[in-house]
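These features come from TrEMBL:
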type	residues	note
DOMAIN	A:59-246	domain 'ABC transmembrane type-1'
TRANSMEM	A:12-31	transmembrane segment
TRANSMEM	A:67-87	transmembrane segment
TRANSMEM	A:94-115	transmembrane segment
TRANSMEM	A:121-138	transmembrane segment
TRANSMEM	A:177-199	transmembrane segment
TRANSMEM	A:219-242	transmembrane segment
Amino acid sequence: MEKFANWLRRYSLAIFIHVLVIALWQFWVVLGDVPSYVAPTPVDTAMAIFSNYDWTRNTLVTAAEIFGGYFLAVIFGVGLALIFSWSRILSSTFMPLIVSANMIPKVALGPIIIVWFSYGLWPNIMIAFSICFLPILLTTERGLSEVEPDLLDLVRSLKGSRWQIFTKIQLPGSLPYIFSGMKVAVVLAVAGAIVGEFIASEEGLGYLMLQVQVTLDTAASFLAVFLITLVGVALYAIVLILERLFVVGDRRLEGSY
Amino acid sequence: MTTDAFIRLDGVRKFYRSRGQEFLAVSDVSLEIEEGELVSLVGPSGCGKTTVLKILAGLHPHDGGTVTIGGGSTPFDATRDIGMVFQQSLLLKWRRIIDNVLLPAEILGLPMRPARDRARDLLAMVGLAGFEESYPYELSGGMQQRAAIARSLVHDPKLILMDEPFGALDALTREKMNLELLRIWSESRKTIIFVTHGIQEAVFLASTCAVLTAGPARMADHFEIDLPYPRTLSMKTSEKFGEYTRRIYALLGME
């Protein structure tokens with residue numbers, strides 16, 4: 001009970017501001033007599049859950065694309081940064097390619113990706129992955145290179161191995177960097193998956209938005225946006241919790257989001 | 001030259017190469033250090049005092065002269081007989097203080113249980129009892145340096161190399177840490193080589209003081225500081241103390 005009270009005190013401001021925004025939105029629509037195809041009330045938006053659009057399945061599809069693309073990006077981003085930190089030659093060969101390839105507008109590649117992977121989950125996972133992978137790679141690489149030269153001397157004076165430097169100093173020291181890259185990547189993964197669904201797909205919340213737009217069912221469109229946001233916030237929350245677990249002893253994290 | 005000195009530097013020189021040019025980082029460093037001495041290397045920046053330290057730590061090869069550590073009655077293991085303290089504490093901020101102190105023991109693969117007990121004792125000795133489970137950010141700059149000193153002692157090395165360890169601290173904390181270092185030195189009986197550009201500090205701490213000059217980087221002189229231990233702050237105003245500091249100023253061409 002006391003724990004709950006603490007939790008409430010800590011997050012009451014955050015909860016309050018969210019509730020306030022939703023309430024203001026309700027008042028604006030009702031008092032301003034805004035037509036429902038322009039902006040539905042929060043209540044109308046919530047009620048759209050009862051229309052028969054198969055919300056569960058579409059939400060799961062979109063969530064799978066976002067989480068899938070994000071997961072791949074973390075694996076490849078962190079993995080490549082580790083490899084590059086070990087091999088200068090690989091790094092100076094492939095980093096320029098990765099950076100220039102990143103400049104390719106992924107949205108423009110959409111139609112080609114569909115030719116390669118056809119419709120379905122995979123092309124959208126690939127688009128989400130390709131958009132959110134670079135910040136993870138860059139921040140991890142930066143974090144791994146951030147080692148005090150004197151600290152290296154200290155370890156070397158004890159004839160410490162490269163592996164010891166890596167596991168005891170480089171890797172734990174790079175975690176705050178990895179997590180800041182991962183936080184940025186959440187937003188990009190969400191955008192990537194939805195863009196993919198816009199370009200071509202047969203299911204998912206992005207696909208659904210295009211469908212309901214035809215009938216001016218703005219409430220359903222709003223609900224789709226809300227659910228997409230919810231998936232993104234859930235992913236962000238997971239990253240935040242992992243950060244709290246793995247990054248310890250860093251005062252900068254106290255009360256950060 | 002006596003034969004039983006713990007450390008012997010004889011005509012040590014070191015070049016650096018930069019953009020095809022060679023320049024002298026240190027030359028003419030000749031010094032004998034007995035076991036258990038506290039030797040200060042004092043000089044302006046660029047005089048090569050840090051380079052001498054790194055040569056002793058085995059981190060840099062030297063280009064001329066000879067360096068001998070240990071031998072005879074005191075064997076010296078270059079892997080585990082060196083402890084280092086730097087200007088920054090270099091504590092790993094994700095580790096608790098006790099785990100920071102244990103880092104050298106981990107790297108050397110020492111048995112952890114006795115090492116942990118030793119780390120606790122050392123933290124008590126440097127005045128950090130009760131802070132074992134704290135994180136570095138919870139400690140002040142002076143306390144972080146105390147932890148760094150405990151870390152340099154945890155694997156029980158014979159030689160401690162300190163590179164301006166109190167250079168980043170405020171003047172009062174620095175004086176306090178000087179007294180603390182003298183106490184730790186007398187309790188641990190280690191050989192300490194202490195690099196500083198603080199002339200007062202160099203004289204106050206050392207049993208032997210070596211003066212290095214910059215441009216060209218060379219060792220100008222070295223001499224014993226004949227002031228009794230335990231030293232007190234009031235000695236700093238004594239006539240003898242003044243003579244030593246004036247001597248160093250003169251060697252550095254500042255008088």
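Every residue, even glycine, has its Cβ placed from backbone N, Cα and C.
Below 8 angstroms of C-beta separation, residues 61, 64-66, 68-70, 72-74, 76-78, 80-81, 98-99, 102, 106, 109-110, 113-114, 178, 181-182, 184-186, 188-193, 195-197, 199-201, 204 of the same chain, each at least six residues beyond the ends of the transmembrane segment (A:121-138), sit close to that stretch. For the transmembrane segment (A:177-199), the neighbouring stretch richest in Cβ pairs under 8 Å, chosen from A:12-31, A:67-87, A:94-115, is A:67-87. Long-range Cβ contacts of the transmembrane segment (A:67-87) within its own chain (Cβ-Cβ under 8 Å, at least 6 residues beyond either end) map to 94-95, 98, 121, 124-129, 131-137, 140-141, 144-145, 170, 178, 181-182, 185-186, 189, 192-193, 235.
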